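Data block below; observations after.
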Amino acid sequence: MKNFIFRLAPYIILAGVAFLSYHQLLEMYFWRDDYTGLYFSQKSLVGEPAFMYPYQIAFLVERFFWQFFGLEAARYFLVEIVLYVSATCLLFYFLQKLFRDKKVAFFSTLVFAAGYIGQDAMKMSMGDGLGTMVAINVLLLNLVVFIQYLQTKKRGLFILSLVIFFLTIEVAPQRTSSSLLIFLLLDWLLSFKEKKKDILTRNLTFVLMFLVQYFIHPSAWILGYRVIPPGHFLGLFANFSPIYFLNFLGTFWNMLFPSHLQLQFNTFIDIYKDPLNFSKFLLAGIPAFLFAFLTLVFLKFIRPSVYNFLYIGKSVAVFTAFSIFWAYLTIGIKIDQTDLVSIFNGGIFLVFLAIWVVIGAAKSKLLSVFNLLAIFGVLVIFFLTIPERVLVSYNRYLLLPSFTVAFLPVIFITKEFYQKGGIQKNFARSLFFAVVSVLVVLRLFTALSTQQEFVQSYSQHAKRFYQQLRGFLPEVNKKKMVYVEGATKELDLSIGDAARVGYLGSEVAVAINLNTRKENILLPQSLEEIPMFLNKNREIGIDDVYTFLYTEQGLFETSNITKELLQGGSKVTTILSTDWEKGISFYPSAKIWTLQPIEVTIPLKISAGVLETEVFWEYNTFGAVHKDRFVKIPFFQDGLWHEYKFIIPAGGEYLKRVYFKDLTNVPEIGTAQFKYYKGG
């Protein structure tokens, strides 16, 4: 019993870390691409093809879970977490077989278990979550079967690994195709002493299996999905740019040093200037250079008789010279500066790793070469096949090759790691655990912080918005027009993103949550578009128009106000000169609704004083007053009457106040007019 618990303990710990890193997914709501799968999962649409290749299996999985979960987002994300835990356990088992060391495999797997996939991965949309997590489990299961075949040479295991490899590519073809390299390399690593003919035969079998899937797409044809023409490998030439040759370096660096932290460091040293300063660009490489320098110092203490301070000094000097040369080569590339800095750091670190392996610091040079090729090869192939779709930053598209980061720590295991005793053994083990600790802490911290940020900025608003929208519109059987505006710019952005869909119109997101077809939903982008939509869609009337204002307190319906505007939108509100307090501030006695832009005309007579002033306005949003933009008005100082016009944009609920700022001489004010702006 004790032996069983001892064997099970690493899996329990790894599962706990994986759950910790992703537990905040349970607080999230559906996001963009999710709505595509959810929409076609509805019973009335099950007969229609869900989506084109390569998402056929991903959406098939969503259709299955829709029958049980419906719109309960937390249940979908719980499945994703369970799948991530499962992938973590499979990776641990595989690394045990590969490294033949349970402790090393455990700590290496911790890096993957700690999570963090990148800038937008914490959204874990289901097209990139459920489908991709199924794919990574199938891929890792295949690696387990294949390594068992290589170690036992049972023909049945080889056939099984081919079948599973086929399924791996079928589930997520564009994101698993680069995994072919790992199988080929793994075969050479573990079968190097066998007949080369046998190895090449197995390699060719895998390649043929890959080509059949990649160019024929069997599951797509069987399920009746549209298939885009083959030719992803030509993407590089269609989008020729230096970034497509180098972005794998930036992605690799962001796997180690998360892009959020790199961005903060870049801001700290103030590199975001045009043009980019060379000296500050060099400073941006400090994270990679510092990691390399400290590792070389460790090496001096691990092998003092081989690597003295003079040797280390020469190595650092050469490494510094390369860094300067690398900075000179890359600084001129015209891409996003954050991506450029990541590429710069990634290049520095890759050269350091190459030096580390060449000088024989790693215990196993062959295993280290395999690990480097697996890490970088997968990324290179990935970017060369679909460069136009993926940014440098480590993101959700790279969830599948993300497990290769677990191959990195073992490169820092030296032969002294396995000595029976001595201070060199302590230094060697300290180096390995330091590398693991740095990677785990950085990735876990970023995973938790980015999820928390996304939940607070988007998910909580999206969930509340759609839940309350269903309360206002419980049944939609015919075409309706729905317009929602955020009370602040931040909330407006959050709600806009909540309704946005990756591959279909935003109507899909609203239709899913209202349990109707997307053809029944019209979503104007502004209040000014509502009359235009009514003219184009004669089958709907004013009573079919629903408008809402979203605040921190929730969703408020403003349909009655909008209908009033639609029926009498040309109404002009007249403000007499006596209505202005001290000649510079005006509080409307009757509500002037600001759900539509307002054109303001103010007659003024000024003889002397300031050359211009700023006119501010305040909105009242269900009791909360907030300022919006202001306009600058240049004055004519000729003592004559002039009309000054400006537009108050839509926002809030109604106008609270309009006032002039910093007037030294109060002008004479005539009768002002406030009317709803129709454009033009």
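Note that Cβ sites are derived from N, Cα and C of the backbone, with glycine treated the same way.
Marked as transmembrane segment by TrEMBL: 12-31 (among others).
As annotated by TrEMBL, transmembrane segment applies to 73-95 (among others).
For the transmembrane segment (102-118), same-chain residues at least 6 beyond its ends with a Cβ under 8 Å from one of its own Cβ atoms are 10, 13-15, 17-18, 21-22, 84, 87-88, 91-92, 95-96, 254, 258-259, 393-396, 398-399, 402-403, 405-410, 413, 432-433, 436, 439-444, 446-447, 450. For 102-118 (among others), the entry in TrEMBL reads transmembrane segment.
Per TrEMBL, transmembrane segment is recorded for 130-150 (among others).
Feature annotation from TrEMBL assigns transmembrane segment to 157-186 (among others).
Positions annotated as transmembrane segment by TrEMBL: 206-224 (among others).
Look at TrEMBL and you will find 236-256 (among others) tagged as transmembrane segment.
Residues or ranges marked as transmembrane segment in TrEMBL: 281-302 (among others).
Per TrEMBL, the feature transmembrane segment maps to 309-328 (among others). Same-chain residues lying 6 or more positions outside the transmembrane segment (309-328) and placing a CB less than 8 Å from one of its CB atoms are 278, 281-282, 285, 289, 292-293, 296-297, 299-300, 344, 347-348, 351-352, 355.
Residues annotated as transmembrane segment in TrEMBL: 366-386 (among others).
Among the features that TrEMBL reports, transmembrane segment is placed at 398-418 (among others).
Taken from TrEMBL, the feature transmembrane segment covers 430-448 (among others). Listed as Cβ neighbours of the transmembrane segment (430-448) (distance under 8 Å, sequence separation of 6 or more from its ends, same chain) are residues 17, 20-22, 24, 104, 107-108, 110-111, 114-116, 122, 256-258, 260-261, 291, 295, 298-299, 302, 405, 408-409, 412-414, 417.
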Remote residues contacting the transmembrane segment (130-150) - C-beta distance under 8 A, at least 6 residues beyond either end: 55, 57-59, 61-62, 65, 76, 79-80, 83-84, 86-87, 90-91, 93-94, 97-98, 157-158, 160-161, 164-165, 167-168, 171-172, 175-176, 179, 182-183, 186-187, 190-191, 396, 399-400, 403
